[in-house]
Amino acid sequence: LTGVLDDCLCDIESIDDFNTFKIFPKIQKLQERDYFRYYKVNLKRPCPFWADDGHCSIKDCHVEPCPESKIPVGIKAGSSNKYSKAANNSKELEDCEQANKLGAVNSTLSNQSKEAFIDWARYDDSQDHFCELDDERSPDAQYVDLLLNPERYTGYKGPSAWRVWNSIYEENCFKPRSVYRPLNPLAPSRGGSCLSVCLFSWTGLCLEKRVFYKLISGLHASINLHLCANYLLEETWGKPRWGPNVKEFTRRFDPIETKGEGPRRLKNLYFLYLIELRALSKVAPYFERSVVDLYTGNGHEDAESKALLLDIFRDTKSFHMHFDEKSMFAGDKKGAKSLKEEFRLHFKNISRIMDCVGCDKCRLWGKLQTQGLGTALKILFSEKEIQSLPENSPSKGFQLTRQEIVALVNAFGRLSTSIRELQNFKVLLQQTR
């Protein structure tokens, strides 16, 4: 892959260098921090679109929830830990038994703080979200240690997996007109060889809808790359060996094997990387405020985590070929508003489809990465609100829940890893020739 990407003025080589030498090492370290490694998720929500066909019984599909005792007290305290340590400096939060009351608001908080929490909750429940958020207060919602449940190939495949992606592409993804895209290779095609010819004929498809399609395709490519890079190569004496599978990578991305579509999928991965990179650079002012703290209860680690996050933001701002989101929804106000709402609802529907994934580990990472992308879109469409944030008090115009923050960072970390793994596969492919 070389050259300039479509719909933006950025070349692949620049992204490779920027990611390898600046972003990847730092984002890896950030993901290991307590604030970002624990993600609260409900893996028991029923599929809202079709009858449940049963969960994957393969052992590698299993997700091990984190014991309550392992969660840092500042995280499991619930909604009162959203942003700043100032809202958490109370004796009750030092008591683990009290902290176990997930979502409980500390009764010793000042009236001003209580009002702020009400404002945050009201905003969190607003129509500004691009994702269907899990209810963190649900008894089925559990903390998961992402480091102990890495995304990798689990063996989950077949009709259940095909149905999820087919539903995403065929029913919820803007795509070129008159195009049928069967992801299941056994599915009958319409129009013979049209697929490889007309799939990328963008006639009549506006920029916003092209962007939407590329984001979903890029997310799909990234997930497939993770599976190829962290594949179960062998299991002897109960000791599994995971690593890159060149044959699987070739099957999913080789131009001949995919009728020319593989390289386009990878280009969409780079496009998605640019979108989320742009969102990080845009949201930096939100986190640069002193009122925002990545609170876990460990003051030293919290300070280090925020310093590392701000360092990453400085790098994102230094990138000189960002995607220009101002070109989107730039028509007449009524039409732009209608298109933006259509865009949001399509993506929200896709986030709901993730509850139909039968493999728990796949569902976990699918929900997290979808929510991360949804948070990135929320940021890009909230530029004015972010720019007008007050320095020393909570904002009523723009807020991020801890769940959104964790998803945003980890989703971008997954994209950074995908691009790094792609470099590894290039080397491996050269060695096999």
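Heads up, the Cβ atoms here are built off N, Cα and C, so glycines get one too.
Remember, predicted model here, so these are calculated numbers, not experimental data.
Between Cys362 and the candidates Cys356, Cys359, TrEMBL records the disulphide bond with Cys359. Of all the recorded positions listed (Cys61, Cys359, Cys362), Cys61 has the fewest other CB atoms within 10 A of its CB. Its own atom aside, the Cβ of Trp165 (FAD binding site) has 18 Cβ atoms within 10 angstroms in the protein chains shown.
Among the binding-site residues Arg152, Thr154, Ser217, the residue whose Cα lies closest in space to that of Cys359 (active site, nucleophile) is Thr154.
Overall, the recorded FAD-binding residues Arg152, Thr154, Trp165, Ser217, His220, Arg252 cover a maximum inter-Cα distance of 21 Å.
Neighbour counts of Cβ atoms within 10 Å were taken for the binding-site residues Thr154, Ser217; the minimum is at Thr154. When the recorded positions Cys61, Trp165, His220, Arg252 are screened for a C-alpha within 10 angstroms of the C-alpha of Cys362 (active site), the residues that qualify, in sequence order, are Cys61.
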